[in-house]
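Structure, as structure tokens:
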């Protein structure tokens, strides 16, 4: 009885018991049914081809005459394969040619170019099986293209890219702009996180505002505003390389680090201002000027101050700086650094000083400078910005002497190029490189009523003035060109932060918030009772669902308890626990007499002398006593 089952099991091939128990299918003796997917797909494809062939044949007959006139060539597959020149290096195998002929002669061949033409248009001959699969996937419909014909869309795209390469102005994303209202005073600091999701602005009004592009609507309101440094102007704001913390440099001597939501993480220690040698004190002793994060090490940042030092710090150690760099003048005297920055690889530290010099140290050697240029800018002016190019070879400096210069740090004696006539009234006027490193951008300052502040673009190689944007009727202080978003952020002297973008060239950022409609402001529902939603409460405890706010307001107005109608005075006898104004009880008598006017307006001398005549005629108290 069991022999057929055993024979079936042997025929099916019972798996190895150890392997079966390991894999967890030891209880199954049957083999899974297999499907030939390739055969199924092939059958489906042939059915679809047969259906489409009948529809397309009718259309092709109508279009054939018109297309023949346009391209002036015969549209049989054999003539195309004969007349079409093959590209250099494209050879046809015999098998491909035979396949092409056989498919042309077969009934199932599609109208249009032959398979031979398709294979030759691909370039070098590939494995014929791969060709057949690709041909199956991409069925050509319609007449073949004439020799030397290119897709017009591809040509346009290529022309556009070539034109952009030849004309860098095309790369500037300035077709659209949005304006963020920070306040009324100068926006002196801008910061964007590495992903470009959040913007922070700081100003002379001591405020730091947080803007979330994805969370904002078209009303463009900041989602948080705070004053992290009490009454000190904000000098610099920057997100770390990971975007999780923010460095805040203000007018006091202690830099702060905040997290993404504005809560304090650490505050640098204040140094001892009575120590002469600044190396021996633990922190800055005078006002800060600038600061920035290390581009590679996420815990390290850099600050410079009016105490004549540039210090590096660790976020995890707020008690003492990591290292101190002391810029020196030609005479070896202390000089104040007005701006500082790291190189792109973080190995160099550069500082611009008040004597006009730019001094660069190796990050690990704080005593002697590695590069320095003594007369980079005019002495006595504040160099407001230093920034390294993305390739790390060039350094751009924005001077307080109204110039913008670019330097090769390997030949640091004289600038590669220079542009003058760029007024700067602020000690933090910016300059920055474009994401492709070919354009240098800076802003100009204007006096009140003296015209418009401009954002000016220079070609890096020749320092030719490419383009300018009139931003607003106030100075342009900060500028920032984010490489991921391809959008330009600008901080101005009248409290605006502007974002320039292009819908095609730019990504995310301002594009996210301008498409959202403004939310309707909800009227303040002062008199309505808070509605507590308790979906799982018992029916006897569940509150009735509110239907309309207006009806609820009317009901609450009629309810004397909810609308707090003042109680009217009690008329007649007291009731409801309140005492009447008059009655027979002692308490009512007291209430009635509480407010009586008991003041005596009579003359005190007359009040005493009215008893004088009686006392003289009938002496009782004084005269008899003395008589005895």
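Each Cβ is built from the backbone N, Cα and C atoms, and glycine gets one as well.
Residues or ranges marked as compositional bias 'Basic and acidic residues' by TrEMBL: 47-72 (among others).
Residues or ranges marked as compositional bias 'Polar residues' in TrEMBL: 76-92 (among others).
What TrEMBL lists as compositional bias 'Polar residues' is 107-122 (among others).
TrEMBL lists 126-140 (among others) with the feature compositional bias 'Acidic residues'.
As annotated by TrEMBL, compositional bias 'Acidic residues' applies to 152-166 (among others).
Annotation comment: TrEMBL describes 167-176 (among others) as compositional bias 'Basic and acidic residues'. Residue counts for the compositional bias 'Basic and acidic residues' (167-176) under DSSP (helix as H, G, I; strand as E, B; rest coil) come to 4 helix, 1 strand, 5 coil.
Annotated compositional bias 'Basic and acidic residues' per TrEMBL: 544-567 (among others), in sequence order.
Sequence annotations record features per position, and here TrEMBL assigns region 'Disordered' to 47-176 (among others).
The region 'Disordered' annotation in TrEMBL covers 544-578 (among others).
In the repeat 'WD' (180-212), helix, strand and coil residues by DSSP number 0 helix, 19 strand, 14 coil. Feature annotation from TrEMBL assigns repeat 'WD' to 180-212 (among others).
Within the same chain, residues 235-236, 238-242, 244-245, 247, 249-255, 257, 265-273, 275, 334-346, 349, 351, 363, 366, 427-428 sit at least 6 positions outside the repeat 'WD' (281-323) and bring their C-beta atoms closer than 8 Å to a C-beta of that stretch. What TrEMBL lists as repeat 'WD' is 281-323 (among others).
The repeat 'WD' feature in TrEMBL is assigned to 342-362 (among others). Over the repeat 'WD' (342-362) the predicted model carries a mean pLDDT of 90.
Per TrEMBL, repeat 'WD' is recorded for 376-410 (among others).
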Cβ contacts under 8 Å made by the repeat 'WD' (180-212) with residues that lie 6+ beyond its boundaries: 220, 222-239, 241-243, 246, 248-250, 260-262, 426, 428, 475, 477-480, 482, 484-485, 487, 489, 491-499, 507-509
Counts of helix, strand and coil residues, the repeat 'WD' (376-410), according to DSSP: 0 helix, 14 strand, 21 coil
Helix, strand and coil counts within the compositional bias 'Basic and acidic residues' (544-567) (DSSP): 10 helix, 0 strand, 14 coil
Long-range Cβ neighbours of the repeat 'WD' (342-362) (under 8 Å; 6 or more residues past either end): 292-297, 302, 304, 310, 312, 325, 327, 329-330, 335-336, 368-386, 388-392, 395, 397, 399, 401, 407, 409, 412
